[in-house]
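Residues or ranges marked as domain 'Endoplasmic reticulum vesicle transporter N-terminal' by TrEMBL: 13-98. The domain 'Endoplasmic reticulum vesicle transporter C-terminal' feature in TrEMBL is assigned to 165-331. Annotation source TrEMBL lists transmembrane segment at 36-56.
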Amino acid sequence: MRRLNRKKTLNLMKELDAFPKVPESYVETSASGGTVSLIAFITIAFLTIMEFTVYWDTWMKYEYEVDKDFTSKLRINIDITVAMRCQYVGADVLDLAETMVASADGLIYEPVVFDLSPQQKEWQRMLQLIQSRLQEEHSLQDVIFKSAFKSASTALPPREDNSLQSPDACRIHGHLYVNKVAGNFHITVGKAIPHPRGHAHLAALVSHESYNFSHRIDHLSFGELIPGIINPLDGTEKIASDHNQMFQYFITVVPTKLHTYKISAETHQFSVTERERVINHAAGSHGVSGIFMKYDISSLMVTVTEEHMPFWQFLVRLCGIIGGIFSTTGILHGFGRFVAEIIFCRFRLGSYRSTSVQLPDGHTSNHLPLITDNSTH
């Protein structure tokens, strides 16, 4: 009984076979079929390799939503060098929401030489080249997001030469926390002092001839510090043409959540527009000499996620490539053989002209004569 059941099961499975086998004695091969098969195999191999590269690659997905976090603090990371001595300049943040001076205790004033060493100039040149390419090719930002990791560093390298020149500039670097509202970070003459109606700077003791707000922004970012990320103002250098000159940067900050296979962080992207002018009260150009960075927080939050092609989708695409090429080449080969057979048949029929044969009874036959061995001699 068991053997009968097995035979019935096997017979049933044979009837369900969707891939019937053809005996080799009934299979006919041809040179044209072999050529088309070789082309199909090469095409399949090439497209399969290309599909593997697509499968291993990743892309960045952008999602937008309203930022509902208003209570947390915003971190500002600063590394700016001003061509004035540290005792002559002061930096602070004016919070526009509460009209108060935010604490700038996290900033360090370090006397340095403004001119860069050859290695530092090469670093700055490469950074400015990357910035120019980023402005032209926006898709490069995805590459920077994917390659960012905490061990990388985009900071200005330390001086490798022991310069005997006395420090003529002040490097202001560090970080500070402010409220997530619009504000104004500025560097101007004199140290900042608290004031009931706002804030003030002790600039009376500094002569106007000492004003020089030529500066270099080695780094400026908002949110969590990610060394591998290149920000729009990194590597910027401005040379003042006048003592009383104002440099303004209008910044729009966008909260960003970054999730890649290497890092997961909450940072901020920003766009910036620049303006500079000479302060001349007699000509109607009023203001205060210095560097002013006015920032505003966007109400939208961007979530950037690195995605990868699913394995099942890769298999579907791969099967589509293999099956599609086999089917297409088979159809093209069959159509080509059909056309070739029609052309050759017409050529052969045209090579034999019809001849009239006089029959004994007086009738005429227009059929083609039979070709026999005797007729060939």
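Keep in mind that glycine also has a Cβ here, set from the backbone N, Cα and C atoms.
Please treat TrEMBL annotations as automatic predictions, because they have not gone through curation.
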Quiz prompt | Average model confidence [pLDDT] within the domain 'Endoplasmic reticulum vesicle transporter N-terminal' (13-98) | solution = 81
Quiz item: By DSSP, how many residues in the domain 'Endoplasmic reticulum vesicle transporter N-terminal' (13-98) are helix, how many strand, and how many coil?
Solution: 35 helix, 26 strand, 25 coil
